[in-house]
Amino acid sequence: MGLSEDLHARARTLMQTLESALNTPGSRGIGTANPTIYDTAWVAMVSREIDGKQVFVFPETFTYIYEHQEADGSWSGDGSLIDSIVNTLACLVALKMHESNASKPDIPARARAAQNYLDDALKRWDIMETERVAYEMIVPCLLKQLDAFGVSFTFPHHDLLYNMYAGKLAKLNWEAIYAKNSSLLHCMEAFVGVCDFDRMPHLLRDGNFMATPSTTAAYLMKATKWDDRAEDYLRHVIEVYAPHGRDVVPNLWPMTFFEIVWSLSSLYDNNLEFAQMDPECLDRIALKLREFLVAGKGVLGFVPGTTHDADMSSKTLMLLQVLNHPYSHDEFVTEFEAPTYFRCYSFERNASVTVNSNCLMSLLHAPDVNKYESQIVKIATYVADVWWTSAGVVKDKWNVSEWYSSMLSSQALVRLLFEHGKGNLKSISEELLSRVSIACFTMISRILQSQKPDGSWGCAEETSYALITLANVASLPTCDLIRDHLYKVIESAKAYLTPIFYARPAAKPEDRVWIDKVTYSVESFRDAYLVSALNVPIPRFDPSSISTLPAISQTLPKELSKFFGRLDMFKPAPEWRKLTWGIEATLMGPELNRVPSSTFAKVEKGAAGKWFEFLPYMTIAPSSLEGTPISSQGMLDVLVLIRGLYNTDDYLDMTLIKATNEDLDDLKKKIRDLFADPKSFSTLSEVPDDRMPTHIEVIERFAYSLLNHPRAQLASDNDKGLLRSEIEHYFLAGIAQCEENILLRERGLDKERIGTSHYRWTHVVGADNVAGTIALVFALCLLGHQINEERGSRDLVDVFPSPVLKYLFNDCVMHFGTFSRLANDLHSISRDFNEVNLNSIMFSEFTGPKSGTDTEKAREAALLELTKFERKATDDGFEYLVQQLTPHVGAKRARDYINIIRVTYLHTALYDDLGRLTRADISNANQEVSKGTNGVKKINGSSTNGTKVTANGSNGIHH
């Protein structure tokens, strides 16, 4: 047989096996998840009184964990720190309970080894980066049990963890929990010592709580009346898992419906032919699914009869539709629709992009998609917004793989575009279409840049997710420029997966990609996704059927790639990667045009053109090259800021070129008065359309737009105060530059400049007259807003909580300003002499008889050396700031914080590299570009202006 026949044969066998467990009389179900140390440890704790003695009921499970402790004292699981912590905590509790076991005299020593491991691991644990089910309840519960044995730990996030624990407890309605099934039954072991397990026997289903061995074990431990049903369930699971190793249990069993629905929906989504998969078997599955859906009145849970969830319900409804046993989505919508997204179930900590992607996919398969148009648009908006606001890839709370979210989001969003192309869903806006297109291309860009040399993206299941994503997004016309490379990548991924498909190796720890209390793998899922990835058509849909996306230029990405590809920083990057950045940049253009200007319409005139089309590339490419991509929203905020800086700076330059000292003194006073008034910028005065705005009105409008930015409102007063101060110093420094230029014109260029030293001038006036420093501090406020929004507290905190950190950040800003000033001067020498703008090489340190720089080449070389020095000082400063911030927020978060702030620095560094490339005035470089000498042609008669010539040298974000 060929590969296609083999794929269908594997799919057929998989579904027949699962269906047999579903319909065979007497079957208690099936589950192919790997056994877990965590759940096995809970079962090992179960004891009961027999003949007046306390006896452990499942001693064989304790023997298993006893024999599988690792050399460092831990039980590692998938190798992640959090799984090692949770596993080891549970096993340490079990060890302490079994310390009196005379047959294992080294238990105390093993317990000390586990304790030593935890003492170190808990100190390294970053709670804010943790995504495990109920970890904020489970870890405190286990720590409290250890307290009873005299074992305690101190660690940096101890108080934060217990505050989360107390907050969650305070929200629980115990009477409601005891009354009926809820998702909390899945993790009730976390409430040992809090919950009254005697009030829960009626919630048992087939001897278990939501198919969870750990909760069932906790119930047996704490209920005062022994329940034979629960004991029988645990014994049965141990028996089922005997082939996996001696006396273990998984995190979930049975998983019959979960495995059927997830496996079959994946096979359908990726074009497996149901006619080749035993149609009678599939029909029996459909009838059983419909039976349970009817019993649940249109919704169902992970296990029928338990808490309803949107994930299970949505996929079941979709399958019934494609298996010709349709059921209405009405009850599903009523149960799960929330104001801005669909919830998975009650009590969830946060919304899930994968759940909403599944809901969207399901509604798009309804017989009449337009009936649910408002819900479809709502979910699509939510999913697109998640991608819009996320840096890099989107991770989800149900799967550790960064590609799982990409797979489900791409399937749903591309099908949305397909349906829209058929004339459905007419209320979808052009803005949403644009955001969907950007989201999809973000996925493909990140995946292409992350493939490993062997063709994989991690384990086989993760590689399957990535390949399926590529197949879906390849349906978009936006991929045309990189389609050849895309197909090569897909072929290399298939070459990696095909031998694995035939070999069927046993699962390894790295295959545990599914998130529960610890991670786990599921054999049927690995098979289903592997078969799906090798079968999916490439592209999933004909690109001509995705016909309603806003058109984008097919030439601009090539121009951007060719122009910026000349820079040393980009030369090593392959052509496809530079083109990918070009496509991302081109997609951002309409988004920038949609944002209202932060300046006056009259001020904006003449400020548009090719330069603004180049701007997104200058933000996307450097960040991506460093492996620190920012969110689309963050990039847009930066671009809007640059546009506002450019327009404001341009207007002031052009209108102040003939200003007298008296004019400048008057404007300085107005600026100081404006920023000294605490009421300033709380409201904005209207300016009649029939006159040009005054200088102070332009400055006020610009400052107002930043200080009242909607994504900076939750920044602390200290951080916003720093932004306010930076804006004031920038405009005052601009006036000081104008005053210097007046003196320069009066004195003449041939006279030696007397006064402030070059060092002091570049570090005070020169650095302050750099718009990029405003951008850095504005990014600080955006970050502060994000931090305080996540905290959900009215007590707003500073991004940098200590005087040392604040000083270090301001030092980075100063070095950045000085670097920008020097770089601007280095690349503007000819322009500044022609226009009589003060430049670094006009200072006596460069022109004096003993300066050692008596030639233009020597002066430029000296200035280049200083520019390199300050650029390195900026890099070193940011790196040191990361190190000092790490103890406060954790290593990953510290790095993420600084990456957000550094975006504008990378943008300016690119300008510096452009200047070094041309070694001439940037405006001359732009003239070359417009003539086509650098391989970039004119488009529609407009030149590709890369910067502007100004009176005082403040060229937008670069300066």
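Each residue, glycine too, has its Cβ placed from N, Cα and C.
As recorded in Swiss-Prot:
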{"type": "ACT_SITE", "residues": "D311", "note": "active site, for class II diterpene cyclase activity"}
{"type": "ACT_SITE", "residues": "D649", "note": "active site, for class I diterpene synthase activity"}
{"type": "BINDING", "residues": "D649, D653", "note": "Mg(2+) 1 binding site"}
{"type": "BINDING", "residues": "D649, D653", "note": "Mg(2+) 2 binding site"}
{"type": "BINDING", "residues": "N824", "note": "Mg(2+) 3 binding site"}
{"type": "COMPBIAS", "residues": "940-959", "note": "compositional bias 'Polar residues'"}
{"type": "REGION", "residues": "1-542", "note": "region 'Class II diterpene cyclase'"}
{"type": "REGION", "residues": "543-959", "note": "region 'Class I diterpene synthase'"}
{"type": "REGION", "residues": "931-959", "note": "region 'Disordered'"}
{"type": "MOTIF", "residues": "309-312", "note": "motif 'DXDD motif'"}
{"type": "MOTIF", "residues": "649-653", "note": "motif 'DDXXD motif'"}
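For the residue listed as 'Mg(2+) 3 binding site', none of the recorded positions have C-alpha atoms inside a 10 Å radius of its own C-alpha, out of D311, D649, D653. The CA atom of D653 (Mg(2+) 1 binding site) is located 58 Å away from the CA atom of D311 (active site, for class II diterpene cyclase activity). In this structure, the C-alpha atom of D311 (active site, for class II diterpene cyclase activity) lies 52 angstrom from that of the residue listed as 'active site, for class I diterpene synthase activity'. As a whole-number mean, the pLDDT of the motif 'DDXXD motif' (649-653) in this prediction is 83. Across the range of the motif 'DDXXD motif' (649-653), the DSSP-based residue counts are 5 helix, 0 strand, 0 coil.
Neighbours of D649 (active site, for class I diterpene synthase activity), defined as other CB atoms within 10 A of its CB across all chains, total 26. Secondary structure of the motif 'DXDD motif' (309-312) per DSSP (helix as H, G, I; strand as E, B; remaining residues coil): 3 helix, 0 strand, 1 coil.
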